[in-house]
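Per Swiss-Prot, the features are as follows:
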type	residues	note
BINDING	G65, P66, E67, S68, S69, G70, K71, T72	ATP binding site
Amino acid sequence: MDDNKKKALAAALGQIERQFGKGAVMRMGDHDRQAIPAISTGSLGLDIALGIGGLPKGRIVEIYGPESSGKTTLTLSVIAQAQKMGATCAFVDAEHALDPEYAGKLGVNVDDLLVSQPDTGEQALEITDMLVRSNAIDVIVVDSVAALVPKAEIEGEMGDMHVGLQARLMSQALRKITGNIKNANCLVIFINQIRMKIGVMFGSPETTTGGNALKFYASVRLDIRRTGAVKEGDEVVGSETRVKVVKNKVAPPFRQAEFQILYGKGIYLNGEIVDLAVLHGFVEKSGAWYSYQGSKIGQGKANSAKFLADNPEICKALEKQIRDKLLTPGVDTKAVGSREAVAADDMSEADVDI
């Protein structure tokens, strides 16, 4: 850059700092690059598929899927993991359906969890914004976007038409709170439901509620589905779950993770650790027997997972080995989940910002 341009730039930067404050414009090279802080999801496979070890702080995340697919369970698992790190969490229960007893079984400290059950969508989003601006909250879950009913719709008659009200509400709210979320380094998770578009001939007819604003403002979008049942004999004790990372602005997108959710217990982490440890050679499998460092730890996956539950030090050591190997920059995370075909709508929004 020639001297005249340097002088002009210095004058402009000086004027900007005087008018808007120091740090309004910064040179990227003047500061060390720092890894984006993340909060674990409670699923080792999903943490690895996300590329940074969990959900990013200071960002908006959308989790959507069909009914009974595990959306609320996954968010409660995130809250439980955050609380273990000493974080303060809030749950905005717009659906008025949070079960404290179930949350406690998943490891959530319900005594310290802040809960709000707002009457209208405007109230829910205003409460969310105020909690973010307090700079004292680390994780906020909004359950769900579909239940954020505008005040005009609640006060109107049952058959009244309110076209686009919820979409406008979400768009306005997200414009307002996005900057605050970054400044507060707070993770905000929106749970969303699926609807069907009428008359779609080609492509997926599925869409999410609340308009398109959330799709663009979200740094991470997770599509969670129930793929099967977990049985003990004839009794169904849980569900097989698949999560696709359909948008990721902090790591490569389109990874997927598969894990089990056990009823009344949550994500089956020890089972995941056994599977991944075998896949990457940390645990040896011979027939039905599993061995770790030359010693047998159990016959069958269930017994091996029970051994890890009874020996938390070995469990933590195995988990650390897996994380160190798969979350090292440059390591291909396809070992956990492959790239999956996603809807064209998701492809168009999946910006990558590494």
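Cβ atoms here come from the backbone N, Cα and C positions, even for glycine.
Listed in sequence order, L98, D143, I191 are the same-chain residues six or more apart from T72 (ATP binding site) with CB atoms under 8 A from its CB. On its own chain, G70 (ATP binding site) has I224, R226, S239, T241, I261 as residues at least 6 apart in sequence with a Cβ closer than 8 Å to its own Cβ. Compared over the binding-site residues S68, S69, the count of CB atoms lying within 10 A of a residue's CB peaks at S69.
With every protein chain in view, the residue among the binding-site residues G65, P66 whose Cβ has the most Cβ partners within 10 Å turns out to be G65.
According to DSSP, T72 (ATP binding site) is assigned to a helical segment. Comparing the binding-site residues E67, K71 by how many other C-beta atoms lie within 10 angstroms of each C-beta, the top residue is K71.
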